[in-house]
């Protein structure tokens with residue numbers, strides 16, 4: 001397969017993965033639960049509790065929502081701060097990977113000679129892979145935090161389920177890392193192969 005095609009596929013995959021991860025930062029419903037809705041009454045009342053990285057909300061059966069925005073950075077739980085930090089680091093490193101990858105792609109006419117372009121896309125590929133690992137770690141920390149409460153028999157509060165943003169984020173992280181591997185694969189032979197004299 002031509003180097004150019006592999007690099008373009010890698011770039012498209014990293015862009016898609018980065019967009020997925022960025023969207024999950026703003027999405028609601030990282031953890032969700034509902035109470036009520038049991039039979040036996042003439043009127044079934046249901047309430048949904050859900051939370052994101054930035055606020056916690058309650059929605060009743062009349063579709064009225066009450067939200068509590070987390071006021072300052074240090075007022076949230078440590079696990080949420082860790083997740084925020086990991087995801088913001090992943091997005092920043094992914095942006096650096098975009099710049100390096102664009103400069104190093106064979107189809108762009110900026111970035112210097114072939115050998116220096118290969119080094120740039122190689123570095124960009126590693127930025128994308130590390131970015132994917134950081135975002136995967138962030139989602140795993142949040143999922144572990146929710147799961148510990150859910151499976152703890154002594155916990156008497158609301159037991160939350162994992163929400164859609166976590167799964168979308170894991171898919172985005174996989175795309176991001178896979179695109180980085182495509183970038184590395186595209187320059188493996190020119191950088192690691194035999195040198196021309």
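Along the chain as shown, residues are numbered 1 onward.
Using N, Cα and C of the backbone, Cβ positions are placed for all residues, glycine too.
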Exercise. For which of the residue intervals 42-65, 162-185 does TrEMBL record transmembrane segment?
Worked result: 162-185
Exercise. Ranking 6-25, 86-109, 121-142 by Cβ pairs under 8 Å to the transmembrane segment (162-185), which is first?
Worked result: 6-25
